[in-house]
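Undergrad: Per TrEMBL, the features are:
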BINDING   A:HIS31, A:HIS279, A:ARG375, A:SER402, A:HIS480, A:ASP488, A:HIS492, A:ARG539  substrate binding site
SITE      A:HIS31  site 'Important for catalytic activity'
BINDING   A:HIS71, A:GLY132, A:PRO133, A:LEU134, A:GLY174, A:ASN203, A:HIS279, A:PHE456  thiamine diphosphate binding site
REGION    A:112-134  region 'Disordered'
BINDING   A:ASP173, A:ASN203, A:ILE205  Mg(2+) binding site
SITE      A:HIS279  site 'Important for catalytic activity'
DOMAIN    A:372-544  domain 'Transketolase-like pyrimidine-binding'
ACT_SITE  A:GLU431  active site, proton donor
Protein chains: 2
Amino acid sequence: MNHAATAVDTQCINTIRTLAMDAVQKANSGHPGTPMGLAPVGYTLWSRFLRYHPEHPDWPNRDRFVLSVGHASMLLYSLLHLAGVVEIDEHGKRSGQPAISLDDIKQFRQAGSKTPGHPEYRMTTGVETTTGPLGQGCANSVGMAMAERWLAKRFNREEKALFDYNVYTLCGDGDMMEGISSEAASMAGHLKLDKLCWIYDNNTISIEGHTELAFSEDVIKRFQAYGWHTLHVTDANDLQALSNALEAFHCNRGAPTLIVVDSVIGYGSPHKHNTAAAHGEPLGEDEIRLTKAAYGWPEDASFLVPDDVRTHLRDALLDRSESLYEKWAEHLLQLEQYEPELADELRRMRAGEMPEHWQKHLPSFDTDAKGVASRAAGGEVLNAFAEQIPWLLGGSADLSPSTKTNLTFEGAGRFSADDYSGRNLHFGIREHAMGAIANGMALSYLRPYTSTFLVFSDYMKPPIRLAAIMELPVVFVFTHDSIGVGEDGPTHQPIEHLTQLRSTPGLLTLRPGDANETLELWKVALAQTHRPSCMVLSRQPLPTLDRTRYAAASGAAKGAYVLAGGDEPEVLLLATGSEISLAVAAYEQLKSEGIAAQVVSMPSWELFEDQDQAYRDSVLPPAVKARVVVEQAGPLGWDRYVGQTGAKVVMNSFGASAPLAKLQEQFGFTLENVVKQAKAQIQLTQH
Amino acid sequence: MNHAATAVDTQCINTIRTLAMDAVQKANSGHPGTPMGLAPVGYTLWSRFLRYHPEHPDWPNRDRFVLSVGHASMLLYSLLHLAGVVEIDEHGKRSGQPAISLDDIKQFRQAGSKTPGHPEYRMTTGVETTTGPLGQGCANSVGMAMAERWLAKRFNREEKALFDYNVYTLCGDGDMMEGISSEAASMAGHLKLDKLCWIYDNNTISIEGHTELAFSEDVIKRFQAYGWHTLHVTDANDLQALSNALEAFHCNRGAPTLIVVDSVIGYGSPHKHNTAAAHGEPLGEDEIRLTKAAYGWPEDASFLVPDDVRTHLRDALLDRSESLYEKWAEHLLQLEQYEPELADELRRMRAGEMPEHWQKHLPSFDTDAKGVASRAAGGEVLNAFAEQIPWLLGGSADLSPSTKTNLTFEGAGRFSADDYSGRNLHFGIREHAMGAIANGMALSYLRPYTSTFLVFSDYMKPPIRLAAIMELPVVFVFTHDSIGVGEDGPTHQPIEHLTQLRSTPGLLTLRPGDANETLELWKVALAQTHRPSCMVLSRQPLPTLDRTRYAAASGAAKGAYVLAGGDEPEVLLLATGSEISLAVAAYEQLKSEGIAAQVVSMPSWELFEDQDQAYRDSVLPPAVKARVVVEQAGPLGWDRYVGQTGAKVVMNSFGASAPLAKLQEQFGFTLENVVKQAKAQIQLTQH
């Protein structure tokens with residue numbers, strides 16, 4: 001097929017390039033070089049291949065375009081502008097505005113604009129995921145492609161496909177070097193995700209200079225080793241070759257496709273092309289004039305969109321996608337008619353709603369002094385919810401026997417290249433990719449969860465942060481949540497991790513104290529629509545508290561509640577998770593000595609801070625200054641609740657390798673010590 | 001050469017296996033399967049190849065043995081025991097005890113033992129690095145191999161090699177799947193580190209089951225793509241084949257070597273071999289008896305080391321290494337004689353001492369209202385120190401033009417496969433590996449630093465944590481340390497990161513407020529011998545304070561000091577880093593209104609907590625309850641210093657993409673707001 005560039009193609013491409021140059025120059029900040037180099041790639045993909053309806057940017061079966069090179073945001077903004085994509089909110093409501101107007105482009109990187117420095121999901125219609133931290137978009141796109149396979153299995157009927165979208169990812173040298181993309185690529189190859197296409201911008205320039213400074217591997221061979229199809233386009237400006245490669249991708253079966261495209265960063269800039277200087281700063285007025293001249297562009301025009309360009313890309317998208325969209329809508333109507341329950345399921349998924357009876361058939365846990373590890377209770381609870389929520393699915397970075405997150409009910413199955421309908425995901429020992437893949441799935445109507453040990457939250461902090469920025473209700477399960485890990489020692493015992501998670505804006509950190517709190521907090525996590533949760537669970541058994549004697553576990557949903565005591569307490573005992581039972585034991589001991597204590601179970605600081613002042617004061621009466629916190633984790637942040645003079649029975653160092661009981665003795669997590677600290681607090685505050 | 005197993009070889013191997021089984025069983029915790037599978041590999045390497053003198057485990061030119069599969073710690077402990085390695089402390093002092101006695105093995109995983117669950121550097125002689133979190137050991141070993149090349153360049157003279165050690169790394173499926181090892185392997189290939197050998201234990205079993213659940217890539221082809229030599233041994237029990245492969249490694253030039261060894265986890269266990277059940281729990285008494293029977297081992301014997309085994313490995317090591325060690329000692333003597341300064345340098349490096357004049361020729365910074373970014377001041381200071389400290393070297397994850405960490409003086413050079421003497425390292429866009437490689441270099445006498453943006457500390461938290469656990473004085477430089485990043489937006493603006501670093505035990509977090517504090521804190525960082533430091537620096541210019549008007553910057557070394565004010569202050573203004581000048585401006589404003597404020601510059605919580613109570617009270621007078629903290633970062637932890645009622649001018653959400661001045665207005669980092677908060681605090685505390 002003849003795919004050579006036409007005059008209008010060239011005009012469009014140069015429009016994208018010059019918009020990027022002009023916007024960065026006006027903002028006096030940004031990255032012009034990559035949009036200039038990749039404009040033909042983005043344009044070819046959008047104009048000739050992308051199945052995308054500009055009037056329906058929330059069409060569930062649209063092809064996904066992921067700009068993993070998020071710094072090249074102007075490329076995406078220009079495409080969205082030229083495509084005439086309309087603005088919609090998250091409920092599909094139209095504002096009557098374009099997703100990106102020319103004025104928006106002129107407001108690039110300014111306060112309150114729709115064109116921030118890096119593309120931000122929820123801020124700009126058409127941005128499929130927030131990108132910028134390198135490698136994340138690549139791994140997100142694997143999650144989107146996995147979601148497509150799962151959705152196809154669930155919703156497609158014979159020839160009537162509701163889901164058969166492709167996922168295209170633009171990535172760069174950084175993506176190729178970051179470990180997370182290696183993990184994600186290995187997994188995509190393993191899962192044979194043949195609707196996934198990564199386009200690697202091989203411009204050989206990174207910030208420190210030529211990539212040969214640090215990068216000399218054979219990328220194509222590496223991806224072949226992962227089981228990918230590979231293609232090589234040796235000139236990013238060759239629209240024919242690009243089109244051939246994208247057509248080849250469509251024919252490739254049984255494996256994802258990598259297209260390596262040799263490009264020139266800052267293409268057309270006489271003095272800055274092919275240099276790091278074109279990467280992250282404005283070209284400068286003079287160089288912009290020279291570059292425009294090189295394109296045959298009016299040198300004095302700024303933010304110019306020529307008339308013949310104005311609707312060209314939009315028309316091309318409509319030509320290709322309008323009938324596809326209509327056929328899709330017809331399929332959906334048929335689903336609504338013949339399988340209304342399934343259609344309702346899809347509606348709920350799109351709306352972020354839970355099934356009607358998602359809280360039915362939940363387990364409850366009887367009082368049990370020996371108790372059960374919260375990881376085990378968590379597994380039981382998760383299974384109960386998952387049976388009611390068909391699109392709740394997830395897995396572990398090779399630790400499910402330990403994290404207890406396997407879905408064991410009939411039909412849960414294993415997600416694999418042989419059966420994409422499974423709901424148990426085997427991420428392999430790839431925590432970082434796991435987090436970002438979960439984000440990609442959450443961006444695709446699914447409710448994913450992940451699991452590993454709490455100490456390894458360190459390996460996946462970047463996607464946890466991005467889930468919080470994007471407001472994705474992913475549930476990150478972390479077990480083995482303290483020195484309760486015992487003999488595995490300090491490398492496996494989290495200390496600072498609760499603080500790390502609590503310090504991340506927009507993230508719920510949930511650390512239940514027994515099986516019934518675990519149930520309540522899983523409910524909270526699943527009820528979220530805009531907040532990710534970290535479910536922090538114990539390795540060791542925790543007594544299941546007698547809820548006739550102590551307060552109901554439902555209080556956990558408020559973040560903190562009075563578990564025991566309450567009448568004019570002399571001292572407050574604050575605790576979370578596995579330390580709740582120790583606090584309760586201390587309370588009983590003090591009571592037997594005639595001292596009134598109050599135990600505050602505090603599984604979630606964030607939920608507690610959401611409560612009004614009156615409630616907070618009822619839980620932590622301001623008049624009671626004698627306070628002790630007991631938590632097998634680092635101290636940072638507890639001053640907020642126990643004050644500067646409160647006692648902290650916490651971990652002030654790394655842990656050690658020994659049986660838990662020994663460690664608890666060594667680090668002061670004993671009944672004796674907690675009681676002693678409580679009495680000392682009473683003494684201190686009475687003076 | 002005939003390398004078939006002799007009877008005593010088999011005895012030694014089975015001793016290692018049974019010690020692992022017995023120790024795990026006695027501890028009722030641990031990982032027997034991998035030591036059982038890898039015993040022949042460890043044994044062959046140590047008995048036939050490793051250049052290691054059991055009497056001199058601190059011999060600088062010893063071959064390094066890195067157990068990246070740290071859970072297989074019993075393999076290492078058994079080898080150290082059979083090798084008869086002597087115990088020494090970090091100053092080379094001998095205790096007269098073995099590194100690992102049989103009793104130590106019986107104390108596996110018990111409190112205070114030398115045989116913790118995972119190998120811990122500084123705890124057990126012969127443990128080259130703390131391992132357990134997967135992938136870290138692999139990347140450490142790349143750092144060790146880079147160090148070898150650098151040390152060889154610096155200290156070898158013609159045929160007299162002081163450094164030509166090999167680095168052997170035992171790794172597993174987890175290492176192969178983790179992104180950090182991909183990053184490290186790509187870099188090792190790029191740098192052509194031909195004295196590096198990774199031995200991949202291809203046992204095809206991970207915790208969730210067969211690796212084919214999640215891992216089907218062609219590992220050999222992948223490493224070839226990285227530029228490695230690859231070899232395949234199809235039977236871990238074939239000592240001949242293992243020996244041939246290790247000999248081939250010695251002949252390989254110009255590239256690191258990967259040896260894939262097919263092994264059987266839990267080898268010999270009739271019911272558990274080749275299953276995940278052999279991975280992470282005791283085999284059970286019955287299965288141990290059956291397994292011993294399968295080995296032809298006395299079933300009733302526990303912790304048995306047969307007589308012919310007792311000294312066999314030690315003798316083999318001595319046979320090979322004694323003369324090498326003596327020749328090396330001779331070379332060192334010659335160096336001391338002919339190049340005493342260089343010899344002194346090596347002595348200092350080994351002792352962790354700085355050069356005599358390391359604090360000479362330092363810059364100082366004049367008062368300057370416009371000022372200089374602390375990243376820029378940091379670069380100048382770093383260069384000044386580096387000129388005096390020849391073994392201070394480092395680099396960036398492709399951001400040195402932004403982090404300003406390039407060494408620019410004559411002779412600094414670039415570390416590359418063409419010139420291993422360079423001191424500027426190009427890590428590529430591989431933050432995670434960068435951190436762990438730096439750890440490996442710090443384990444090899446060098447003083448490494450790394451650099452990237454603060455937000456990307458998320459990508460390298462695992463090695464930062466390990467540096468803290470291992471007490472390695474690495475300097476992690478992080479620039480672009482707040483919303484000062486401006487237009488790049490929330491993905492690039494750190495919020496929770498200061499809290500994360502401050503919450504990590506054993507880590508110094510240093511955030512200087514102007515150029516002179518930057519100098520003082522770099523001095524602190526380099527003076528550390530057992531603590532890693534994070535040097536947190538601004539993107540934007542910071543005024544260089546008039547130190548005749550305000551207190552001397554040397555106070556920064558105490559973590560916090562009174563910068564301005566001090567006589568019966570009505571309100572304390574606490575600030576760090578880029579917010580110091582705002583606090584000072586507020587102080588001046590309040591002063592002009594007749595209100596006595598006191599500015600506390602607080603660049604390091606950890607250093608401040610190291611001071612005595614009297615000093616701390618002098619800086620933060622307990623009587624003054626009116627307190628405002630100003631920091632462009634999250635609030636968590638500040639209650640400790642401003643109390644529950646103090647005001648916090650901090651970031652309570654993610655940032656946004658806009659010019660910094662706009663962001664400061666939006667988030668309240670204005671003179672007006674700080675003054676307002678200060679007055680409100682005075683009001684509040686007077687009532």
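Note that Cβ sites are derived from N, Cα and C of the backbone, with glycine treated the same way.
TrEMBL labels come from automatic prediction, so no person has curated them.
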Undergrad: Among A:HIS31, A:HIS279, A:ARG375, A:SER402, A:HIS480, A:ASP488, A:HIS492, A:ARG539, recorded substrate binders, what is the largest CA to CA distance in Å?
TA: 48
Undergrad: Quick check: in three-state DSSP terms, what is A:PHE456 (thiamine diphosphate binding site)?
TA: helix
Undergrad: Would you mind pulling the DSSP three-state label for A:ARG539 (substrate binding site)?
TA: coil
Undergrad: Which three-state DSSP class does A:PRO133 (thiamine diphosphate binding site) fall into?
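TA: In the DSSP reduction, A:PRO133 (thiamine diphosphate binding site) maps to coil.
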Undergrad: Sort the binding-site residues A:HIS71, A:GLY174, A:ASN203 by C-alpha distance from A:SER402 (substrate binding site) and give me just the closest.
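TA: That would be A:GLY174, nearest by Cα distance.
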Undergrad: Please work out which residue of A:ASP173, A:GLU431, A:ASP488 has the most C-beta neighbours within 10 angstroms of its C-beta, and give that one of the recorded positions.
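TA: Output for this query is A:GLU431.
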Undergrad: With thiamine diphosphate as the bound species and A:HIS71, A:GLY132, A:PRO133, A:LEU134, A:GLY174, A:ASN203, A:HIS279, A:PHE456 as its recorded binding residues, calculate the greatest Cα-Cα distance and give it in Å as a whole number.
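TA: Pairwise Cα check on A:HIS71, A:GLY132, A:PRO133, A:LEU134, A:GLY174, A:ASN203, A:HIS279, A:PHE456 gives a maximum of 34 Å.
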Undergrad: Within 8 Å of the centroid of the Cβ atoms of A:ASP173, A:ASN203, A:ILE205, which other residues of that chain place their own Cβ, given that this set defines the recorded Mg(2+) site?
TA: A:GLY172, A:ASP201, A:ASN202, A:THR204, A:SER206, A:THR211, A:SER263, A:ILE265
Undergrad: Reported as an integer number of Å, what is the Cα distance between A:PHE456 (thiamine diphosphate binding site) and A:ILE205 (Mg(2+) binding site)?
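TA: Between the alpha carbons of A:PHE456 (thiamine diphosphate binding site) and A:ILE205 (Mg(2+) binding site) there are 33 Å.
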Undergrad: Taking each of A:ASP173, A:ILE205, A:HIS279, A:ARG375, A:GLU431, A:ARG539 in turn, which of these recorded positions have a Cα lying within 10 angstroms of the Cα of A:HIS71 (thiamine diphosphate binding site)?
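TA: Cα within 10 Å of A:HIS71 (thiamine diphosphate binding site): A:HIS279.
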Undergrad: Quick check: in three-state DSSP terms, what is A:GLU431 (active site, proton donor)?
TA: helix
Undergrad: Name the binding-site residues, out of A:ASN203, A:HIS279, A:HIS480, that lie close to chain B, meaning a Cβ-Cβ distance under 8 Å, keeping sequence order and answering 'none' if none do.
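TA: It is none; no candidate comes close enough.
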Undergrad: Round to a whole number and give the Cα-to-Cα distance in Å for the pair A:PRO133 (thiamine diphosphate binding site) and A:ASP173 (Mg(2+) binding site).
TA: 13
Undergrad: Going by C-alpha positions, which of the binding-site residues (A:GLY132, A:GLY174, A:ASN203) is nearest A:ARG375 (substrate binding site)?
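TA: For A:ARG375 (substrate binding site), the spatially nearest of the binding-site residues is A:GLY132.
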Undergrad: Given the binding-site residues A:LEU134, A:ILE205, which one's Cβ is surrounded by the fewest other Cβ atoms within 10 Å?
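TA: Each of the binding-site residues A:LEU134, A:ILE205 was scored; lowest Cβ tally within 10 Å is A:ILE205.
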Undergrad: Radius 10 Å, atoms counted are CB only; among the binding-site residues A:ASN203, A:SER402, which position scores highest?
TA: A:ASN203
Undergrad: Name the residues of the same chain, 6+ apart in sequence, whose Cβ is under 8 Å from the Cβ of A:GLY132 (thiamine diphosphate binding site)?
TA: A:GLY70, A:HIS71, A:GLY117, A:HIS118, A:PRO119
Undergrad: Of A:ASP173, A:ILE205, A:GLU431, which is closest to A:HIS480 (substrate binding site) if I measure between C-alpha atoms? They're all recorded positions.
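TA: Its closest listed neighbour, by Cα, is A:GLU431.
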Undergrad: Sequence gap of 6 or more, C-beta under 8 Å: which same-chain residues meet both conditions with respect to A:HIS492 (substrate binding site)?
TA: A:PHE453, A:VAL455, A:HIS480, A:VAL485
Undergrad: May I ask for the distance between A:ARG539 (substrate binding site) and A:ASN203 (thiamine diphosphate binding site), taken between their Cα atoms and rounded to an integer number of Å?
TA: 48
